[in-house]
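K.L.:
Relevant sequence annotations retrieved from Swiss-Prot are reproduced here:
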ACT_SITE  C176  active site, thioimidate intermediate
BINDING   205-228  NADP(+) binding site
Amino acid sequence: MMDVVFDYEDIQLIPAKSIVGSRSECDTTVEFGGRRFKLPVVPANMQTIIDEKIATFLAENGYFYIMHRFEPETRLNFVREMQQRGLIASISVGVKTEEYTFIETLAQEGLTPEYITIDIAHGHSEAVIRMIQHIKQILPESFVIAGNVGTPEAVRELEHAGADATKVGIGPGKVCITKIKTGFGTGGWQLAALRWCAKAASKPIIADGGIRTHGDIAKSVRFGATMVMIGSLFAGHEESPGEMQEVDGLQVKEYFGSASEFQKGEKKNVEGKKMFIEFKGSLSDTLTEMEQDLQSAISYAGGNKLQAIRTVDYVVVKNSIFNGDKVY
């Protein structure tokens, strides 16, 4: 096991001499699956975070996205429509029998999604390995992301099975209670788990869960993430799915976990909860702010491209960097 475990708020990155005149010279783009995207960030493939409208907006504007899998019957049309518009199709699948049929149907219809994410809570499993192999056999051109995992062994096995990228994070999310319900997961040490997994990986990693600030995106990149999946920071926008509500005089929107009873429609194997997120305005404003903050991070790292962040020094600050300042 690991000697030092730490999470996002235990780490500070150390500045290196700046080489840019202005942060606007810094390039936040990232290459992933043979395409270049504006930010190393992807909104979580959750029902309260993404829908077809947001997916289209992201794709049209050069951002990566992954559509959720909770309305399975809409996926075929979704892939067809996105590709007809000249946009990338990026979808999620589970591992049940009907998902095997769905992959075959895509092939029969002549549809190859550019990205397919196999997305289950405990991704280090034979079921996921079989699904990776199935997709690679039937739709060899699709870029396959598999998860979620939390160990180097899991990363190696899924890569070996044919996954093009792995998604790391078991239960660190804000509306995920896996850590409480089961005692398992990377909650509280997600950043160290990412570092541990990245050392074993030969393909890209998506860090998934536990991001609470824009600085955490830079920290994820430092410890090996190519993409960073974000839920709560993307919840509560104008465009976000769900109705605006008023609670205690505040404008809010619902945000719930993918394994919550609100998601499943039943109280069975519940490992997610629901919360209200204060209204945040428009999604494009948040994306712009993320980009600017990341540009600043790159300039502090002493470079002008995202990769500069990967080599900076860091310290582990065991008393939490916020010193009582609550940012979330």
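If you go along the chain as it appears here, the first residue is 1 and each next one adds 1.
Positions of Cβ are set from backbone N, Cα and C atoms, glycine also.
If you look at the structure here, what lies around each of the features I listed?
P.N.:
Summarising the environment of C176 (active site, thioimidate intermediate), the number of other Cβ atoms within 10 Å of its Cβ, over all protein chains shown, is 26.
Same-chain residues at least 6 positions away in sequence with a Cβ under 8 Å from that of S220 (NADP(+) binding site) are, in sequence order, P40, L191, L194, A207, I211, V228.
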K.L.:
What does the structure give for the C-alpha distance between D208 (NADP(+) binding site) and C176 (active site, thioimidate intermediate)? Integer Å is fine.
P.N.:
12
K.L.:
Can you see whether DSSP assigns S220 (NADP(+) binding site) to helix, strand or coil?
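P.N.:
S220 (NADP(+) binding site) sits in a helix per DSSP.
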K.L.:
What does DSSP call H214 (NADP(+) binding site) in the simple three-state scheme?
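P.N.:
DSSP call for H214 (NADP(+) binding site): coil, neither helix nor strand.
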K.L.:
Run through the Cβ atoms and count how many others sit within 10 Å of the one on H214 (NADP(+) binding site).
P.N.:
19
